[in-house]
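Engineer: Annotations for this protein, taken from TrEMBL, read as follows:
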type	residues	note
DOMAIN	44-104	domain '4'-phosphopantetheinyl transferase N-terminal'
BINDING	Arg48, Arg56, Ser93, His94, Asp112, Glu151, Lys155	CoA binding site
DOMAIN	108-209	domain '4'-phosphopantetheinyl transferase'
BINDING	Asp112, Ile113, Glu114	Mg(2+) binding site
Amino acid sequence: MPLTEIKQINASTFLGRWALTETSLQLLQHPGLPTEIILPETISHEKRRAEWLASRILAYQLLQKFTPDFYLLLNNETGQPVFENCACQISISHTHDQVAVLVSKDYRVGIDIERIQSKVLRVKDKFLSETEKQFLTNDLVELTIAWSAKETLYKLHGKKNITFSENLILFPFETTHRGYLEAQIQTLTFQQKYTVHFEVENNTVLTYCLHR
C-alpha cells in the first residue's frame, strides 16, 4: 500500500498522507474501507473517484487512533468534512494523486496540499494582499506555501464569505523545506492569530493548522 506516512502531530492529532497509485476498483476492495461507505454515483471521473475513496480509507485509519467506533463522514453546510455525532475534527485535501488527511480529538484542524506549478503566478493577485506582495517574491515554492496556507486557514475557519486577499492575512516567513508561518483571520466580527506549519517535498507543499 503506497501510504507515504501516518505521523502523530501531538497527543490528540494524527496526519496521514497517501501517494495514490491504485484505481478506484482496487480501492473499493481495500480492507481499510468501511462497508458503510458508498462511493457517490455523482463522482464519475476516475481520478476523483480514487481520491475520494483513498481519503475515506485514510480518514478512518486515523479515526481508529482515537475510537474503534464507526462515525459516518459527511459534508456540512459549508462543504467541510465532519464525522457525524463525533467530537473528532477532520480536514481533507488532495492534488495530483496525493491525498492528505488531518484528524484530531481536541483541536479544530485545517490541511491543504498543493502541487508546485507556475499557475500560482497567474492567480497570486487574487489571493495576496498588497502588503503580502511587498514581502513575497515570484518564487514558486514561496507563493505555493502562501496559497496553501490560506487554503488551510479557510478550511480551519469553516465559514463562508471569506476573501483570501482581505480576510486571510500572512506575516513574513522564511521559505524552507519544513517550517511554519504566522497568520491571522480577520473579518468585521472575528479576529484570531494562528500558526500554520508547512512541508515542502517532491514538488508538493503541505500545510496544516491546529487551533483549540
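Placement of Cβ uses the backbone N, Cα and C atoms for every residue, glycine included.
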Engineer: Can you tell which of Arg48, Arg56, His94, Lys155 has the least company, meaning the fewest other C-beta atoms within 10 angstroms of its C-beta, among these binding-site residues?
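Structural biologist: Candidates: the binding-site residues Arg48, Arg56, His94, Lys155. Fewest Cβ atoms within 10 Å: Arg48.
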Engineer: Taking 8 Å from the centroid of the Cβ atoms of Asp112, Ile113, Glu114 as the cut-off, which other residues in that chain fall inside it around the Mg(2+) site?
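Structural biologist: Near the Mg(2+) site, beyond Asp112, Ile113, Glu114, sit Ser93, Thr95, Ala100, Ile111, Ser148, Glu151, Thr152, Thr204, Val205, Leu206, Thr207.
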Engineer: Measure from the Cβ of Glu151 (CoA binding site) and count the other Cβ atoms within 10 Å, all protein chains considered.
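Structural biologist: Glu151 (CoA binding site) is surrounded by 20 other Cβ atoms within 10 Å.
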Engineer: Across the record's CoA-binding residues Arg48, Arg56, Ser93, His94, Asp112, Glu151, Lys155, the largest CA-CA distance in angstrom?
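Structural biologist: Looking at Arg48, Arg56, Ser93, His94, Asp112, Glu151, Lys155 as a set, their Cα atoms extend up to 20 Å apart.
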Engineer: Tell me the residue counts in helix, strand and coil for the domain '4'-phosphopantetheinyl transferase N-terminal' (44-104), as DSSP assigns them.
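Structural biologist: Grouping H, G, I as helix and E, B as strand yields 18 helix, 20 strand, 23 coil.
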Engineer: Write out how many residues of the domain '4'-phosphopantetheinyl transferase' (108-209) are helix, how many strand and how many coil, based on DSSP.
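Structural biologist: Tallying H, G and I as helix, E and B as strand, the rest coil: 37 helix, 37 strand, 28 coil.
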Engineer: Same chain only, sequence gap of 6 or more: which residues have a CB within under 8 Å of the CB of Glu114 (Mg(2+) binding site)?
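Structural biologist: Listed in sequence order: Thr95, Thr144, Trp147, Ser148, Glu151, Thr204, Val205.
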Engineer: Of Ser93, Asp112, Ile113, which of the binding-site residues has the most Cβ neighbours inside 10 Å?
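Structural biologist: Answer by Cβ density within 10 Å: Asp112.
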Engineer: If I take the alpha carbons of Ile113 (Mg(2+) binding site) and Ser93 (CoA binding site), what is the distance between them in whole Å?
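Structural biologist: Checking the Cα atoms of Ile113 (Mg(2+) binding site) and Ser93 (CoA binding site) gives a distance of 6 Å.
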